[in-house]
């Protein structure tokens, strides 16, 4: 390595900084420069692929950790006092002793930080040393290197089931169509496969890829954290530019699936990759309780300064009152004595050192330990564990558990949060004719019935051999069956159907409508392939659009892939059960290969077949059936069986193009990015329009007649939240026309319609749009999600011109998104309406119960959705967000004047109702329904005060047609204007802004990936878990922590005041009657564990009562139990108890000749018993842990004190506590004093609790009384109480 001057190093560093900050980066291949020194490398300024997530290094750990810890003002305060104690004129006791408490606290924190950083170091080392294959010019082949050795400009080869080491621009794929399948579960949690396309125009895909021949320049944007956007173009030597987007980028951390191998060019490495830019670690939020704590610490600081001022002034008066110079005041070496005023100034600082523990030094560490314990119990609650997804609650923000107990407003998404996000095709309208699909409705209704034939079939299957139904055969416990519901088994079978998302039998099975099926049969038989009539039939085009207009990835059902587990590696509550079930699944696979077992069907399929036969309307060829032959066998195949050697490429291609074989229809597996797309594809499949293959350039669809049509795909206009639609431009293989198929929301489609579908139609057929709109409104009132389907024939000249503009827009680096949007809007005009669909998204289990419980707990529930108002209102009633007796206010205004009038009139009505004396003690049940446009008006500066005032009186609000930005804006508005604690819950990427805007964000790990979970503070798998998480764990966490903090302040103030009262009898000289070491041990060991145990284990009310009486949750809302009054009552009680514990021993030993420590020992012992028994009064539920900790603290006190006083002969001259406690324990006066002090000190608090609980019992006390009853009596009392 050559020596370089410091100036050259600085120059290179500045050049590198400028290169990394440029908006555009020009990257070239590293191969021509292989082996040359770093200074000649063209991409040397960009970061390497090595990552470092650790905070510290071995050499700098101590200074950096101390620097971090001193950011906490409490640590700085105590270290400053310890240093102050080294100054002779102000020291209160031995300087070394003063350092012990803060050193112990900081040492424990440093050990915790060091252990966490060491684990990060181990993880970094494992990742950095992962092997990968990089092309070498010298070796003329791909050689194995470590991830950390990859550089920007390298060519990396990734194979199936391998994780991508850096952000790669896809240049080659072994797939003949230039497609690479990618699983992004590590990045966003989505388990469905995504297609990535090779950058076009860089060579023939079938001829392989030679990295040495790549002489183009890759120009890309500066690294950013947006996972859905990437701007790039490849400039060839002839200056021709080829645009590339996120569709050609393999992101670090993703896994290659179903693709033999692929080659990519490294554009971002290491910490500049999108995965690392999104890796923010655990979120840190400051809880409301912590903010209140900081205020009370400030009050304690003021109290400390006041006591120190009293001490300093008292010392001045005492010195002034002395007739002469007492013998114990020793002058300095010059024989000089300080004047009383200077002595009192010094005494002020001495008193601060003496009374410093008034500020609870160990409180912050204790709070962290308590929160860790609370999180442990939350994450291991078996009631919050979901068997279907094998997931449990996650706590991602570790310091706001107590905020769960103070929630006043809940903002919820609808789709995937309140509903299953399992889209079930229910109805459709084609060319103005509505097809209700009654037979399919019967099937779905039967599934809903708890005592259905399906249940009988399952019970019959229980008697089959265990090898066939291993999962169900294990479930023999009646209580477990009752607890999890009768439909649990069917859910397991349904959800285990396939690895692909949105592929349960509930979603994939559709029984066609007989009338529509006959219509399609007539269209099929009316003309042959050559005459082209079939292509113009609107019914055929409708289903072709359903099959083509999507981004569904087609793969083989038996193509397994290893799943990346997103759950924690730690032991879950049912881990052993899961292992046993995995073993049974393995045995099931082996034994189900017999001919007999292969003929079996699951109950849902059996019942569907019965319905089909009974209806005698659905006669299909075997290859067109929508049901797999044996979904249970598929569900039995486990992740462990996925082996790279057994994988095969699942891209399906049309035989007319490349001669590859189309997989049979029964073996197809659809991987959709959204459940809506999956539902429509399965609906088309039910009618015989089977999506067989999808490549970047073609889509293959099998018609009901069995013929395969290969559509050339010219472009896909993907869905976005602004257009609210997606389109695909194809060339029809029969007519050779350029056809644009579009689907989207009705309000975004209807305004783009052109002439009616067939101008020659007569009569009512001309009113297709009006009839379809009527059907859409009916679907919305039934709570169905609606989509419109359209078609447009584009002329060849228009198409070629548009494709040119589209290509230029995709290659642009400036305003690319805007240009792409403009080209999409330009083409999506004059559309021809084909029909509409109605898809049902079912409510999750126990959603109505959860919403009712939240409302009864005093929580205002808001639902924010993008659905139509009719759909949203229907769901609102179904989930009991809206009740029949509610006064529902519908706000849908087209101008601001109307909005203002409605707000004013409604507010006036609310005030009139409130002021009416006949309505005293009652609450008006008001619910508000408002759409997105009206919401924007109501949020305007001149109306937002009135809008917020109205929502205060509404127990529920339903916002329809709202965008993701509107969701977050509403949360911020309510939180800032009303100063309330808010919680937002959602499951998709469109809910991230809302989740982050709330005080507490909860993500649901549903079917739309993990974006919401990654942005949240807590993650649950079902909306019903919100009930226990908030009403039970939230209540417990808040009450425990609030009472523990109050107790900590009380404990420290009570003990410090013992020293303060003594100053009145020693001339305010900062003398103590308790040994310094025992004073330190008192707070550090003797009384530190009980409050931590109190904060983790105490339960004021049981789970059953908290869930049965949600009104108990209201005690934590608003000011809650930890407020200004309770804090100062605890402080006053501490003053009283310290007076008792000091003056009873003082009066007992008055005029006696006892020494200083003999007086202080019973005082110290009485304080210990008083403080511990005070906690005993506050503990609501005594367990074995409570008894062990409390008795252990007392035993520890006596053992340590006896040992210390027996060995400390000259450790604290001139006064030593040698044998003090031993002599005291032999004196009956000691026991009398301790007993009397404890009783008198605690008598007022005990009396207050007795009177309060007898005269005016609180709701929580009544809840505890219910806990003492037997379950049947308790349930009866709960019904009467709530009635």
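Heads up, the Cβ atoms here are built off N, Cα and C, so glycines get one too.
Annotated by TrEMBL as transmembrane segment, the relevant range among 1096-1117, 1184-1205 is 1184-1205. Binding-site extent for ATP: residues 413, 414, 415, 677, 719, 743, 785, 865, 866, 867, 961, 967, 990, 991, maximum pairwise Cα distance 25 Å (rounded to the nearest whole number).
As a quick check, the transmembrane segment (1124-1147) and the transmembrane segment (1225-1243) clear the bar of 3 or more Cβ pairs under 8 A, pairs 6 or more apart, so the two touch. Considering only the binding-site residues 785, 866, 961, residue 987 (Mg(2+) binding site) has 866 as its nearest partner by CA-CA distance. Among the binding-site residues 719, 866, 990, the ones whose Cα sits within 10 Å of the Cα of residue 415 (Mg(2+) binding site) are 866, in sequence order. Mapped onto DSSP helix, strand and coil, the domain 'P-type ATPase N-terminal' (42-97) counts 24 helix, 0 strand, 32 coil. Proximity to residue 413 (active site, 4-aspartylphosphate intermediate), judged by a C-alpha distance within 10 Å, picks out 866, 990, 991 from the binding-site residues 719, 785, 866, 961, 990, 991.
Long-range contacts of the transmembrane segment (1062-1086) within its own chain (CB-CB distance under 8 A, at least 6 residues past either end) are made by residues 92-94, 97, 100-101, 104, 311-312, 314-315, 318-319, 347, 350-351, 353-354, 357, 361-362, 1051-1052, 1055, 1142, 1146, 1156-1157, 1159-1161, 1163-1164, 1167-1168, 1193, 1196-1197, 1200-1201, 1204, 1208, 1211-1212, 1217. Between the transmembrane segment (1159-1177) and the transmembrane segment (345-367) there are fewer than 3 Cβ pairs closer than 8 Å, counting only residues 6 or more apart in sequence, so the two stretches are not in contact. For the pair residue 719 (ATP binding site) and residue 991 (Mg(2+) binding site), the C-alpha distance works out to 17 angstrom. There are 23 other Cβ atoms within 10 Å of the Cβ belonging to residue 866 (ATP binding site).
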